[in-house]
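Asks: The structure follows.
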Amino acid sequence: MKKISPARLSQLLFLLLFLVLFVQTEYRGSDQLAAAVNSFFRADPLVAVTVLLAEKTMVWLVLPGLLLLGLSLVLGRFFCGWVCPLGTILDLVTPRIRKRGALPLLKGNLKYWLLLPLLGAALFDVNLAGLLDPLALLVRGLTFFFYPLFGDSARQVWVGLYRLLGDNRDYLAPGYALLRDHLLPFRETFYPLALLSTLLLVLIIVLERYESRNWCRNLCPLGTLLGIAARFSPLVRRPAGLCADCGACRQLCPTTFDQELLQREECILCLECQRRCPAQRVTFGFGRRPAGEPVFLQRRVLLGGLVSGFFLARVFRFRSPAAQARLLRPPGVTDEQRFLQSCVRCGECMKVCLKSALYPAIFESGAEGLYTPHLIPRLGYCEYNCTLCGQVCPTGAIPALPVEEKRRQVIGKAVFDKNQCLPFAKKTNCIVCEEHCPIPQKAIRSRTVAETTDDGRSVRLQVPYVVTELCNGCGICENVCPLEGKAGIEVFAVNDRSPLPAGGEPPPGGGEEGDPYGGAG
Amino acid sequence: MDRRSFLKGIGVASLLAEGLVRRLFAREIPVVAVSRDKDYRRAAVRAVDLLGGMKRFVKPGDVVVIKPNMGWDRTPAQAANTHPLVVRGLAEEALRVGAKKVKVFDRTCNDERRCYVQSGIAAALSGLDRVELKFIENERFHPVAIKGGTLKSWELYGEALSADVFINVPVAKHHGLTRLSLGLKNVMGVMGGNRGSIHRHIGPALADINSVLKSHLTVIDATRVLTAHGPQGGDPADVKVLDTVVASADIVAADAYATTLFGLKPEEIEVTVAAYRRGLGEMNLRRVRVVRG
């Protein structure tokens, strides 16, 4: 067996860590998730830079990303060769794909034309980095497509076993419970944009037909950003170019030696050239950068990129008013503009949402809101005591709040549709919405009235109404409304999302000290 | 009297007597046990003891289902769910008299994982051998035909139907529509499908479900009760501590008695009346024997 290189070992460990954290991004019986679950995004320099550009103030959550960028200024683009899980996946599949030669289209300044508009848009208050961030692409592909598919397949087998074995299936139940509790998604949620998310990942892999690490060297905006940092790195390879008598590096190198000289902004420091140099000539060490490196960023690319960023941020502002009215953001998001500045569209909140209430926006918030999370109450609701989305958000776009505060966050306001709602439309009792309303003082109440039905019977009818001042727009009423299809009560977005007053709430902890079974908190 | 006629006499008498006993048994007035204790586990066990003990309901080798109300993401102090110690006490008793397995589940209203944890029941049952706290699995719902009811048929939970003994363990609390939520209402937790839709005729509908899914034993947790903003509550101001557990083999009688704890009359509760009319039990408390301990 071939001896495994240190870079490959590190890649595999980080890929494993990435997958473990991905699976751990789920409620597993404790209200608090390990802070580590979103650490890949917190350490993502592209996320850090775009959030800071957009917010124009220090966001401490993204400090690890800045540190990694600083480290790349010293060591170069090691992240791509040692850490990035998408890069690792490409390295794992690329030897099995026959190469056809580089696509000229992807060469040149294309990668800067991707990165710079993203930075420009961020500067003009819209953070689109997540659209092309490799970690976000990977997490979304996993969250929206592969993980639900995996969970659904496993469950179908489990359900099939029940049809086959009936109650005898219970002998296998402990095994399934183990899988369900530690590996599978608790419930399979199917997402819009699952197809697009997968297609992008597939496309990145298909690009490997043309050259290895094609995405990484020609497109990836994170890689490009790190490449710019690598330009300043004092870590250099000797010799800087191909040796006249050998040239084996051209075959060994996955990213950069398609030209004579090592392209420092593309070298991912896998050290294959050093490890496998037939003459053992290659060394890496700190020193002076070799002369004669080409200018890597022309002024017109820089300016053009930033200007197109401005257009990206401004021009795609069309929003359908109907969709806007139902654009419910996760709890704690009070300002749409600030949200678009800091949301990296990583999909973590949607992955972790306990009741599968969060879905990626397609065009609900305009083209600039693609992939940003919004709540669809008919499919899921915001669980009153759950704070997971705020916990996993890497940039604080969804603020991490203590549970007492989160309960008071206003997502929207519920409104009855009297043409649908049973007591109004059919004069029959229902009030399932009131029953489920989690606000202790009830934001949905009912008054009892004597009514005559359309066929002449007199009935005592409980007619519901919304106490708007108490409604936090969690959406459970719309979710549980027993009407088919459209609900008789719906949550609409509101501009004023200031939190409900604290007075209406029970004291923290509900006074259950000393109760041995008081739950996990 | 010769020997032959003596024996004849004995034979006839014994036949008669047996019929008499059977008829007496059938007409036996329902017993409701009421136990007060600050130790809720002891209160639950004693209530069952007053009915003749768990061995009257559970035979060795039985599969027992305990169906608490753990439908809400609320803590025990908030009184929306059955108290974990009541559930634990009953599970231990069932094991003690030889139950092969005790299954505990509920189709929850909030996220099931949170409900099981937050209700305290997951913690209370952990470490008990042969006790399974299970999540509802949709494939286990089977349509059950209902004769002469409002609902013609409904999907009910297989593991509840197939249990040897079904122990219904509701928490007594206020409910916006039915005024109170007690034993008869608690069986909603084994209903599949769009169960919210039965709210439009909830009394007869719940009587229907209780007519096909019989509770062998009903233990009502009134250790602390929600007096307003039910069934979910959340405000400690709505909780009243009663330290009481009510048990009966007659679910209607148990519900009828528990109603009085709220200062209400059984005939004021539509669900109880519907079940009584359906012949599921006795709601007239004058025809019920209440034993206390």
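Cβ atoms are placed via backbone N, Cα and C, with glycine included.
Just so you know, TrEMBL annotations are computer predictions that nobody has curated.
In case it's useful when we look at the structure, here is the feature table from TrEMBL:
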DOMAIN    A:258-287  domain '4Fe-4S ferredoxin-type'
DOMAIN    A:329-363  domain '4Fe-4S ferredoxin-type'
DOMAIN    A:371-403  domain '4Fe-4S ferredoxin-type'
DOMAIN    A:462-491  domain '4Fe-4S ferredoxin-type'
REGION    A:497-521  region 'Disordered'
TRANSMEM  A:59-92  transmembrane segment
TRANSMEM  A:112-132  transmembrane segment
TRANSMEM  A:189-207  transmembrane segment
Asks: Other than its close neighbours in sequence, what residues sit by the domain '4Fe-4S ferredoxin-type' (A:371-403), given a CB gap under 8 Å and a spacing of at least six beyond its ends?
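Replies: Residues 25, 27, 31-33, 35, 37-38, 41-42, 44, 47, 51, 59, 61-62, 130-131, 140, 189, 193, 327-333, 338-361, 364-365, 409, 411, 438, 473-480, 487, 490-491 contact the domain '4Fe-4S ferredoxin-type' (A:371-403) from elsewhere in the chain.
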Asks: What parts of the chain pack near the domain '4Fe-4S ferredoxin-type' (A:258-287), using Cβ distances under 8 Å and only residues at least 6 beyond its ends?
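Replies: Beyond its ends, the domain '4Fe-4S ferredoxin-type' (A:258-287) has Cβ neighbours at 5-8, 75-78, 80-82, 87, 102, 211, 213, 216-217, 224, 227-228, 230-231, 233-243, 246, 248-250, 252, 293, 296.
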Asks: Give residue numbers and ranges for long-range contacts of the transmembrane segment (A:112-132): same chain, 6 or more residues beyond its ends, CB-CB under 8 A.
Replies: 46-47, 49-51, 53-54, 219-221, 224-225, 297, 301-302, 304-310, 312-314, 337, 340-346, 368, 370-371
Asks: May I have the DSSP-based helix, strand and coil counts for the residues of the domain '4Fe-4S ferredoxin-type' (A:329-363)?
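Replies: Going through the domain '4Fe-4S ferredoxin-type' (A:329-363) residue by residue, I get 12 helix, 3 strand, 20 coil.
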Asks: Restricting to the domain '4Fe-4S ferredoxin-type' (A:258-287), what is the model's mean pLDDT?
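Replies: Here the mean pLDDT over the domain '4Fe-4S ferredoxin-type' (A:258-287) amounts to 87.
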Asks: Same chain, outside the transmembrane segment (A:189-207) by at least 6, Cβ under 8 Å from its Cβ: which residues?
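Replies: Hits for the transmembrane segment (A:189-207): 86, 89-90, 93, 97, 103, 106, 137-138, 140-141, 143-146, 148, 214-215, 219, 350, 356, 359-360, 362, 371, 380.
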Asks: Are there residues at least six beyond either end of the domain '4Fe-4S ferredoxin-type' (A:329-363) with Cβ under 8 Å to its Cβ atoms? List them, or say none.
Replies: 22, 25-27, 33, 37-38, 41, 44, 47, 50-51, 54-55, 59, 122, 125-127, 129-131, 133, 135-136, 139-140, 143-144, 147, 187, 189, 191-193, 320, 323, 369-377, 379-383, 386, 388-399, 401, 406, 409-411, 472, 474-475, 479, 493, 497-498
Asks: Could you tell me how many residues in the domain '4Fe-4S ferredoxin-type' (A:462-491) are helical, how many are strand and how many are coil under DSSP?
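Replies: Secondary-structure composition of the domain '4Fe-4S ferredoxin-type' (A:462-491): 8 helix, 8 strand, 14 coil.
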